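Copied from Swiss-Prot, the annotated features are:
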type     : residues : note
ACT_SITE : THR43    : active site, charge relay system
ACT_SITE : TYR105   : active site, charge relay system
ACT_SITE : TYR131   : active site, proton donor
ACT_SITE : LYS159   : active site, schiff-base intermediate with substrate
Amino acid sequence: MRGVIVPLVTPFNEDYSIDVPALEEHIDFLQKAGVHGIFINATTGEFTSLSVEERKFLAEKGRELVNTTFYLVGTASTNTFEVIELTKHAQDLGADYVVIAPPYYCPLNETALFRHYSMVAERTDIPIILYNIPSCANPLSVQLIKRLALEYSNIAGVKETIDSVNHVRDVIIEVKGEREDFMVFTGLDQHFLNTLILGGDGGIMACANFAPEVHLALYKAFQEKRFKDAFIYAQKLARLSKVYDLASSFGSAIKLAMSLRGFSIKPVLRPPYIIDGDEVKEEIRKLLREVLY
C-alpha cells in the first residue's frame, strides 16, 4: 500500500447520531477521486467519542462501501483487551489493515508499550500499522518501532503524526533499512513530499477529506518525476495545513472546511468537542480561497 490514504471524518446529525447517508456519499466521493486507501475510526473520525458498538458499526459499514481501494480500521484504546477485540472484529470483516495508536492519558514506558502491541500482534493476523502521535498519546521511539517491526511480521508499518523530519528520516533508515516491506506514512499534510523524498510510502492526511485532488496531484507528480510540479503542490499543502491553526480542534477545522467546499457532512462534532463560530469559519474560507481557487 502506497500513496494517499484518507483518515475519514465521522458525519453526525444535529442530535449527534451517525449520519449514514453522508458517510456513504463521502466514501463514494473519495473512491471516485482515486485515493489509495480509506481509514475509518481515525482520530479525524472522533473515535474517542464513539462507543465500541458504534466503532464496530462504522467498521462494518465501511467494509460494505469501500470496494476500490485499501480499507483501514482504527482499533486504538487505552484498554489492551479492547484493542484486541476491535482488531479481531476488523480482521473478521475483511479489513486490509488496522491502525493502532498507543494508549493515551496514562504515561507508559517502552516495556509497557511493547507488551501492549505484542499482545495484539500475537493474538491477531491482520497487518497492523502503528500510529505515532506524541501530541495525543504515548510516543513511539525509533528503537521501539524497529523492535516491533523486526519481531512481528504482521506489524506492517507506521503512521508518523510528528512534526519532525529527523524522526521520520530515522524510522525510514533504521526500520526500512532492515525490513524493506515496512511502510512509513506521514500523518501531516505539510510533510507529505519530504516523506516521499526520504523514501517513505505516502501519507494518511486529514485535509484529503476536502482537497484530495491536491494530495493526489502531488503523489502523481512525484511518481512521474515531475518534481517542479510536486514542489508546487507541496507548497499548497503547506499553506492548506494552516487550517489546523485557525480552529480550536482539527475536527472543527476539517468539518468547517468541508462545509465550505460544499460537502453534505454537517459541521457537527460530538461533545466535548465544539465547532468554531463564524469568525473562524470566515478565516478558513479565506485560506481555502487563497490556496484552492
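Any Cβ shown, glycine's included, is placed from N, Cα and C.
Structure with Swiss-Prot features highlighted.
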residue	record	DSSP (3 states)
THR43	active site, charge relay system	coil
TYR105	active site, charge relay system	coil
TYR131	active site, proton donor	strand
LYS159	active site, schiff-base intermediate with substrate	strand
Q. Since the record lists TYR105, TYR131 as active-site residues, which of them has the fewest other Cβ atoms within 10 Å of its Cβ?
A. TYR105
Q: Output, ordered by sequence, the same-chain residues six or more apart from THR43 (active site, charge relay system) with a CB under 8 Å from its CB, or 'none'.
A: PRO7, GLY74, ALA101, ILE133, CYS136, THR161, PHE250
Q: Would you count the other CB atoms within 10 A of the CB of LYS159 (active site, schiff-base intermediate with substrate), including those on all shown protein chains?
A: 29
Q | Rounded Cα-Cα span from the residue listed as 'active site, schiff-base intermediate with substrate' to the residue listed as 'active site, proton donor', Å | A | 5
Q. Between TYR105 (active site, charge relay system) and the residue listed as 'active site, schiff-base intermediate with substrate', how far is it from one CA atom to the other, in Å?
A. 20
